[in-house]
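These notes concern the structure reproduced below.
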Amino acid sequence: MADQKMKERRRVSLMIMVLIFQVLSASLHGCLAAIGQGQPPRKPTSIHPRAGVRSSVFLPVSGNVYPLGYYSVTIGIGNPPKPFQLDIDTGSDLTWVQCDAPCTGCTLPRDQLYNPSKNNFVDCKDPICLAVNSPNPPQCKNPNEKCCFQVQYADHGSVLGFIVSDTFPLRLVNGTLSKPHLAFGCGHRLQNRGLHPPTPTAGVLGLGKSKASISSQLSSMGVTKNVFGHCLGDNRGFLLFGADFVPKSGMTWTRMLQSSSDKHYSSGPAELLFGGKPTGIKGVNVIFDTGSTYTYLNLKVYETVLNLIRKDLSGKQLHDVKDKALPICWKGTKPFKSMRDARNYFSTFALSFTGSSNVQLQLPPENYLIVTEQGNVCLGILNGAEAGLGTTNVIGDISLQGKLVIYDNENQMIGWANADCNRKFGSF
């Protein structure tokens, strides 16, 4: 059972908190010792809007839900740029890479780590340092003190390091090459961040709502609007920054929840439907999190979903089976080769957002099931209580596949539409 739990996800990446200086002083002393206190001050990173022509950026995505368990993009950092493969994560704000500081717990060879120069370090009083640590501003004891960070994730993993700033060369759709100087985390102490098996990613691309996220920084510098989207396919997809890619029609939109205590992309409340019929479950608030492979529901909703599926399977030729991939699996009369073979046994779930008229997020079988190497079909909806999420409901990669999802931070809206995410980017 312990081995199964270790493999079943492989991760829930919702960022719980970013703490600096005053809370984790012992660990942060290690961060300060690693980077020193006597480096020359770096020019402050402005997070205020700058003049410029806003365009958009398109980045190819690779990965899948099973068996890899993650989606990533490759981004160049520095001058000349060095490529880093980053896990795309709407559930956390701060982008970070494994850093040669030196590094404890890093999973990549040393020559693949980010190696900062002296003028890359961000000072404690820099506005971006305040943004990273909001609402707990760092207590700067001297002008040259470096900006440290610690991110803790819901899967109990953590990353400790310092904030740096460097060039991110990006080819815009208008044909120009933009070289914004963006702030990100240089992680030199990683704990419990290794997946099973470990991923080749160098870190995380933080796409959350705060001013520290990549989308917010690009917007503040006038490169793109604070709008981004993703389309996750079977083995590839794409990530979009800017408003040029937003379809003018065909999208379903719902408003983001606005809460001072919730910095995630939340939407709700919603009513849960199964096979087009009400289930009695209402008031479901969900978080859209590309950093989570699977979907996690609170205990009450999870048990309802499981009972509905089992009742729906009554009389069908599927039987419970143990599979190392996930806790709940079924086998047929012969091994399944793909979801195409298995989908007819299962019905469609939907989240009907009660705050908007006729707004539904449809979850057909391929958005909550996987077919394993053993030819079994397994439930990609997990018990959030067992993952330490309490009452939080997380919509993970499995339920976002085959959809163009747009996060419009300018208008505080989330939209989605069915799309072929496996093909090269084109019109919708």
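Residue numbers in this text run from 1 along the chain shown.
In case you wondered, yes, glycine gets a Cβ from its N, Cα and C as well.
In TrEMBL, annotation is done automatically, which means it is predicted and not curated.
Keep in mind it's a predicted model, so treat the numbers as computed, not measured.
Summarising the annotation, TrEMBL assigns active site to Asp89 (among others).
The active site annotation in TrEMBL covers Asp289 (among others). Here the Cβ of Asp289 (active site) has 28 other Cβ atoms within 10 Å, regardless of which shown protein chain they belong to.
In the predicted model, the domain 'Peptidase A1' (71-417) has a mean pLDDT of 92. What TrEMBL records for 71-417 is domain 'Peptidase A1'.
Summarising the annotation, TrEMBL assigns signal peptide to 1-33.
Asp289 (active site) sits 7 Å from Asp89 (active site), counting Cα to Cα.
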